[in-house]
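Feature annotations, reproduced from TrEMBL:
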{"type": "COMPBIAS", "residues": "429-442", "note": "compositional bias 'Low complexity'"}
{"type": "REGION", "residues": "429-463", "note": "region 'Disordered'"}
{"type": "TRANSMEM", "residues": "30-48", "note": "transmembrane segment"}
{"type": "TRANSMEM", "residues": "54-74", "note": "transmembrane segment"}
{"type": "TRANSMEM", "residues": "95-116", "note": "transmembrane segment"}
{"type": "TRANSMEM", "residues": "156-173", "note": "transmembrane segment"}
{"type": "TRANSMEM", "residues": "180-197", "note": "transmembrane segment"}
{"type": "TRANSMEM", "residues": "209-229", "note": "transmembrane segment"}
{"type": "TRANSMEM", "residues": "241-262", "note": "transmembrane segment"}
{"type": "TRANSMEM", "residues": "286-306", "note": "transmembrane segment"}
{"type": "TRANSMEM", "residues": "327-345", "note": "transmembrane segment"}
{"type": "TRANSMEM", "residues": "351-372", "note": "transmembrane segment"}
Amino acid sequence: MTDNSPARKRLQLDRVFPGRDPRLDFFRGLALWFIFLDHVPGNLFAWLTPRNWGFSDATEIFIFISGYSAAIAYGRAWQRNGLPWASAHVWQRAWTLYVAHLVLLMFFIAEVAFVATRYGNPAFVDELNLNEFLKAPHIALVEALLLRFKPANLDVLPLYIVLLCAFPLMLALIGWRPRWLLAISVAVYAAARGFGWNLPAFPGEGGWFFNPFAWQLLFVLGAVCAAAPQALGEAFRWRRWVAWLAAGWLLFSLAVVLTWHVRALEDALPIWLGNLIYPIDKTNLGLTRLTHFLAIAYLASGLIPANARFLARRRVRPILVCGRQSLYVFCFGIYLSFFMQFVLVEVDASLAAQALCSGVGIAAMCALAALIDWYGAAGKKKGGAREAVAVRDGGAAVPVADASAAASPAAAMPSTVTAASSATTAIAPTTTPSAASGADATGPNPIQPRSAALPSDIAGARP
């Protein structure tokens, strides 16, 4: 069923995105590498990540691209099959992420508890916020099911799950009144910062480390940039003076960050200026972090075209594949980061050991992503061949794409752009927007005909 409502027609997807944008896979893949390196305390190679060169870090990249990709994947699902159908698949995706988070949590707790017990080092349990679970596992487990109990480094997926649960309403507003959505999002952000809105966490009386009421603004900005750029007016059009302003803000943030690490520069920052920019609030997405990321996004989108030649090079492909298989890579990276922390604490903390662990960890993430990408592509080819044979045996021979479209309503959906996401390629059937993808990410592709089988393209764009 095609949704012909005026709100659906306002979506700009077909006009703005004729095919897959490899930049989104590229930056999402980089964000996953950065998150892995940043999660290892004392890792000198974390200096390669944005966290040490400015106010924002890989989390902002991840959440923005997640909103961007959600708007593309589910906006096109709405265009083809209606908002209720798209909403159902958004919630299916949220459920998949919820299950993935719980599995990740259980294996992570087992990994940390085993190492802490085996090597007699309870500091691992303290640092990763697992004391309450080991003291009262029956209580902590219930709190984990409610997404209130989250060990260190496991905060991103719960944030993304909550944002996805609210996304059908966001999507409806994007198609109906996108500027209303922006206004509501800004108001909620301001209220969260002004009145201390947050979701409860366990243990203690604090809130979530990533406050959903604040971080939703970045998610909404990504979604609106993707599906309703006209709502932003002239705000994000490329202008040289704005580019220079953004570059100046990035250089200023670099200078401030250097004062944190170079003792001789500590007193160089005037007190009045420090009062303006501090505290740099990560929990509530402080304005310094938000504007720093927006400056990076503005320059990246303006200076790196979708058909940039370097994105088609073989040496860049591992990053693109990690970006496409981001849920698997993110979860695997969590396990690897603790293993690397264990090696540096219990075995060898030398620079050579850090280099070896960092390199092997990233290589392992790339290998897993390549394996899953290959498996998904192979399954897609076999499935398409079987469908083509079935249609041919039943009467007239039909191209594989048309056979797939006849076999599944979801397969008749249009091709989409890839993007991020906190997170991500998922464990889901290939007949839904949550399906795994192995689609080509080397440049824009023409829009597929209405009857073409496109579950893989939808999956490539899915958050």
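Quick reminder: no glycine exception, Cβ is built from N, Cα and C everywhere.
Note that the structure is predicted; figures quoted are calculated from it, not measured.
Among residues of the same chain six or more beyond the transmembrane segment (327-345), those with a C-beta under 8 A of the stretch's C-beta atoms are 29, 32, 35-36, 39-43, 97, 100, 103-104, 107-108, 111-112, 115, 119, 121, 123-124, 128, 153-154, 156-157, 353-354, 357-358, 361, 364-365, 368-369, 372, 423-427. Counted over residue pairs 6 or more apart, the CB atoms of the transmembrane segment (54-74) and the transmembrane segment (241-262) come under 8 Å in at least three pairs, which marks the two as touching. The stretch with the most CB contacts under 8 Å to the transmembrane segment (351-372), chosen from 30-48, 95-116, 209-229, 241-262, is 30-48. Within its own chain, the transmembrane segment (95-116) has Cβ neighbours under 8 Å at 122-125, 128, 130, 133-134, 144-145, 147, 150-151, 154, 157-158, 160-161, 164, 327, 331, 334-335, 338-339, 342, 346, 423-424, 426-428, 434, counting only residues six or more beyond its boundaries. When Cβ-Cβ distances below 8 Å are used as the criterion, the transmembrane segment (286-306) is approached by residues 21-23, 27, 50, 54-56, 60-61, 64, 217-218, 221, 236, 238, 242-243, 246-247, 249-250, 253, 277, 279-280, 443-444 of the same chain, each at least six residues removed from its ends.
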